[in-house]
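Report on the structure given below.
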Amino acid sequence: SVGFKAGVKEYKLTYYTPEYETKDTDILAAFRVTPQPGVPPEEAGAAVAAESSTGTWTTVWTDGLTSLDRYKGRCYHIEPVPGEADQYICYVAYPLDLFEEGSVTNMFTSIVGNVFGFKALRALRLEDLRIPPAYIKTFQGPPHGIQVERDKLNKYGRPLLGCTIKPKLGLSAKNYGRAVYECLRGGLDFTKDDENVNSQPFMRWRDRFLFCAEALYKAQAETGEIKGHYLNATAGTCEEMIKRAVFARELGVPIVMHDYLTGGFTANTSLAHYCRDNGLLLHIHRAMHAVIDRQKNHGIHFRVLAKALRMSGGDHIHSGTVVGKLEGERDITLGFVDLLRDDFIEKDRSRGIYFTQDWVSLPGVIPVASGGIHVWHMPALTEIFGDDSVLQFGGGTLGHPWGNAPGAVANRVALEACVKARNEGRDLAAEGNTIIREASKWSLELAAACEVWKEIKFEFAAVDTLDR
């Protein structure tokens, strides 16, 4: 007779363990589970734990060759989602041994691999992860972090200002460099390659890098401030990406850029290691994130992608604006902004934070607010994001009626006015418009910007909201 009982058995017999006490070394996950009709939540939660760890659809005799108790994921708690008929938050604990050290790629392949196509579930979303210090210690994390970046740039006590060069595609390298120069000369700290500017027929990467470096040095000489342009090193292969980063370093520029979701975590971590070894800051763009994170009942929440980026490595990451043209509810956004910047974050469900997270010694990441923002938003942005942020105005700089440099001047004047008002103890939320109006009296550039954008608002309800 065979030494094991063949056949299909319910997942919950093995993988649903409500009595389990989580360990300090476990990776904990909170999944929003929508089971198919007729599937009980315990079975659905156990199925998630099984399929994302050691389980398969039937009993196999090789299970007897290892200790499932030691290696299996466990669904240890289930709670119904308030206001939703058939959604549950299922908490799963994974033993640390299931994951390769220092590999975000491997962590995601396990936790959000096959399980998302699982038939017993109508939908599945990974809401949050608790990464234990034991695992965090296997990652280098951001190449430099917030304090080192401020020291490199010699800029303190205020948010940094950026601008994405538009039109994003179609400019020649020389005209592109000209726009970079004008913006930096006008008072911005950074300009930025758009995420889809890589190396296209109208502007090859090497030409762009050269003209942007020239613009950078010229603007630095004229303003006496350190300037940066995020040179997008994203490429079709890792080797090509590193080649571009090497060239950027040879030009002596301070910062490069990567599209971390389309480029992939393996490429991103390689680039982050190169950047730390060679003194380059690394700006991260999140192109493709909304494909993954925008639906409320399926996918991965951005706070998880943000945590993953902090582990993989990046000094800046785009994180929504709360006030512009792109998705982002205030409390949720501030929740993952804190996850990016702070060393220790308490569990706080009102901001979507399911677990207390201790980052031990991993440097912080600066959140970048970008997308449909302009001078009238400056008080709100200063109030919401605080000093450790980059505020990025693309159209809000280049769309100025007098041109790029005056657009940059308007933004810098508005920012300095808001920081000054805040430092004097004024309430930016209540007096924001007044502060901007006062400042525009002694800056014609700001007055012109105020006139152009006084009516623009992007008023749509957020799709991804807190559960009430």
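Backbone N, Cα and C define each Cβ position, glycine as well.
Under the heading N6,N6,N6-trimethyllysine, Swiss-Prot lists K5, citing sequence analysis as support. Residues annotated as substrate binding site in Swiss-Prot, with sequence analysis given as evidence: N114, T164, K168, R286, H318, S370. Residues annotated as active site, proton acceptor in Swiss-Prot: K166, H285. Look at Swiss-Prot and you will find K192 tagged as N6-carboxylysine, backed by sequence analysis. According to Swiss-Prot, the Mg(2+) binding site annotation covers K192, D194, E195, on the basis of sequence analysis. Sequence annotations record features per position, and here Swiss-Prot assigns site 'Transition state stabilizer' to K325.
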In three-state DSSP terms, the structure that N114 (substrate binding site) belongs to: helix
Other CB atoms, at most 10 A from the CB of H285 (active site, proton acceptor): 28
Neighbouring recorded positions, C-alpha within 10 angstroms of E195 (Mg(2+) binding site) - of K5, T164, H318, S370: T164
Winner by Cβ contact number (other Cβ atoms within 10 Å) across the binding-site residues K168, R286: R286
Nearest recorded site to the residue listed as 'N6-carboxylysine' by CA-CA distance, among recorded positions N114, T164, K168, H285: T164
Distance [Cα-Cα, Å, rounded] between T164 (substrate binding site) and H285 (active site, proton acceptor): 12
Cα within 10 Å of K166 (active site, proton acceptor) - qualifying recorded positions among D194, H285, H318: D194
Around the Cβ of S370 (substrate binding site), the count of other Cβ atoms that are within 10 Å: 24
